[in-house]
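Undergrad: Quick one: this structure, given as structure tokens, is what I'll be asking you about.
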Amino acid sequence: MDAPRQVVNFGPGPAKLPHSVLLEIQKELLDYKGVGISVLEMSHRSSDFAKIINNTENLVRELLAVPDNYKVIFLQGGGCGQFSAVPLNLIGLKAGRCADYVVTGAWSAKAAEEAKKFGTINIVHPKLGSYTKIPDPSTWNLNPDASYVYYCANETVHGVEFDFIPDVKGAVLVCDMSSNFLSKPVDVSKFGVIFAGAQKNVGSAGVTVVIVRDDLLGFALRECPSVLEYKVQAGNSSLYNTPPCFSIYVMGLVLEWIKNNGGAAAMEKLSSIKSQTIYEIIDNSQGFYVCPVEPQNRSKMNIPFRIGNAKGDDALEKRFLDKALELNMLSLKGHRSVGGIRASLYNAVTIEDVQKLAAFMKKFLEMHQL
């Protein structure tokens, strides 16, 4: 029963969960802590579920040292729901209904496009020819009248990650941290809003955690749906509508696992070791493996690369994926919009998992070098 799974899951999200968490879920699935029912069938207004959601919130607060003047809420709709919720809640902070967006990849581009429905959106830098770097912040053209400045901390499709918090001159800073949430410590006080879908680093699909500063509540546009309104959800302790109870429970278990394994700082150390292992193989492959991202902006979470040359050799990449599958390594195919290969190294992916991939990459390189 306790034998580790032989399959290695490099999925970009939903992603691997810690094995011990899966065993805990399995153990409690039919009868949660002796109450006689599963969390799957538990009333969201019961005292048992109140303990679950309070525990999950407290762990978020503890692991990120969330200041007291921030609310932590659990919503549905994923990151895409927040692409709408952010402007609906915040674009009315200033009369001009405008916002600044930093667009460094597919997800921030999507967020900016969605926000255009609700106001004027200023992309703070010239459009990038390719998503392979973060434009130098000294070149950003921030609008002093913007209600907020938005960026995505880690772009899962293109493998671009911020290793700094942008200085936005006192403006309200909003961050999509879906794919590097709790992979490293973060100074929450520098942000107005942080949101993250759980299904990458902190749980299973279905719940999105939103951390919002108290003074930003109450400015939603009149047309904002109540389920997306931060003030309504915070005022109802995330119970305005039936929340994704099971996903919140799973998230609590994963947060407990992160805490027991040294917290965000320990996750950061592991992320550096794991990502460095793969980037070193890519960089020492004499151009056989190619990562298009500028070294200083490379993601520790998602490593996209091509095989054979910078544009990718389709036959080689197919062979790589087929062989990886034979070795029980799953979900290494790049996002459909960019192709190639992508290894996602979220918190639950172990150093041993990464070493298996590294050994395979070295062997594949040896087999195909001229």
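Going from the start of the chain as shown, residues are counted 1 onward.
Just so you know, glycine gets a Cβ as well, placed from its N, Cα and C.
Not my notes, these are from Swiss-Prot:
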| type | residues | note |
| --- | --- | --- |
| BINDING | His44, Arg45, His335, Arg336, Arg342 | O-phospho-L-serine binding site |
| BINDING | Gly79, Cys80, Trp107, Thr156, Asp176, Gln199, Asn241, Thr242 | pyridoxal 5'-phosphate binding site |
| MOD_RES | Lys51 | N6-acetyllysine |
| MOD_RES | Lys127 | N6-acetyllysine |
| MOD_RES | Lys200 | N6-(pyridoxal phosphate)lysine |
| MOD_RES | Lys269 | N6-acetyllysine |
| MOD_RES | Lys318 | N6-acetyllysine |
| MOD_RES | Lys323 | N6-acetyllysine |
| MOD_RES | Ser331 | phosphoserine |
| MOD_RES | Lys333 | N6-acetyllysine |
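On this model, are these features tucked inside or out on the surface, and what's nearby?
TA: DSSP assigns His44 (O-phospho-L-serine binding site) to coil in the three-state reduction, placing it in neither a helix nor a strand. Within the same chain, residues at least six positions away from His44 (O-phospho-L-serine binding site) with a Cβ under 8 Å of its Cβ are Leu239, Thr242, Pro243, Cys245.
Within 10 Å of the C-beta of Thr242 (pyridoxal 5'-phosphate binding site) there are 10 other C-beta atoms, taking all protein chains into account. According to DSSP, Thr242 (pyridoxal 5'-phosphate binding site) sits in a coil region rather than a helix or strand.
A C-beta separation below 8 Å, combined with a sequence spacing of at least six in one chain, links Lys51 (N6-acetyllysine) to none of the other residues.
In sequence order, Val103 are the residues near Lys127 (N6-acetyllysine), counting only same-chain partners six or more apart with C-beta under 8 A.
Spatially close to Lys200 (N6-(pyridoxal phosphate)lysine) yet at least six residues away along the chain are Pro12, Gly13, Pro14, Ala15, Thr156, Ser178, Ser179, Phe181, Met301, Ser344, Tyr346, judged by Cβ distances under 8 angstroms.
The secondary structure of Lys269 (N6-acetyllysine), as reduced to three states from DSSP, is helical. If you take the C-beta of Lys269 (N6-acetyllysine) and look for same-chain residues 6 or more apart in sequence within under 8 angstroms, you find none.
The Cβ of Lys318 (N6-acetyllysine) has no same-chain neighbour under 8 Å that is 6 or more residues away in sequence.
Under the DSSP three-state reduction, Lys323 (N6-acetyllysine) is assigned to helix.
When Cβ atoms from all protein chains are considered, those within 10 Å of Ser331 (phosphoserine) total 19, not counting its own.
Neighbour list (Lys333 (N6-acetyllysine), Cβ cut-off 8 Å, at least 6 residues apart, same chain): Leu321, Ile341, Arg342.
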Undergrad: Among all the protein chains here, how many other CB atoms are within 10 A of the CB of Arg45 (O-phospho-L-serine binding site)?
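TA: Looking across every protein chain shown, the total is 9.
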Undergrad: For Asp176 (pyridoxal 5'-phosphate binding site), what residues in its own chain, 6 or more apart in sequence, show a Cβ-Cβ distance under 8 Å?
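TA: In sequence order, the residues whose Cβ lies under 8 Å from that of Asp176 (pyridoxal 5'-phosphate binding site) (at least 6 apart) are Gly79, Gln82, Trp107, Ser108, Ala111, Tyr150, Tyr151, Cys152, Ala153, Phe195, Ala196.
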Undergrad: Cα-Cα separation of Gln199 (pyridoxal 5'-phosphate binding site) and His335 (O-phospho-L-serine binding site), in Å?
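TA: About 16 Å separates the two Cα atoms.
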Undergrad: Check Cys80 (pyridoxal 5'-phosphate binding site) against DSSP and tell me helix, strand or coil, would you?
TA: helix
Undergrad: Tell me the Cβ contacts of Cys80 (pyridoxal 5'-phosphate binding site) under 8 Å, same chain only and six or more apart in sequence, or just say none.
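TA: Correct list: Lys110, Glu114.
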Undergrad: Looking at the recorded positions Arg45, Asn241, Lys323, whose Cα is closest in space to that of Ser331 (phosphoserine)?
TA: Lys323
Undergrad: Among all protein chains shown, how many Cβ atoms are found within 10 Å of the Cβ of Arg336 (O-phospho-L-serine binding site), not counting that one?
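TA: There are 7 such Cβ atoms around Arg336 (O-phospho-L-serine binding site).
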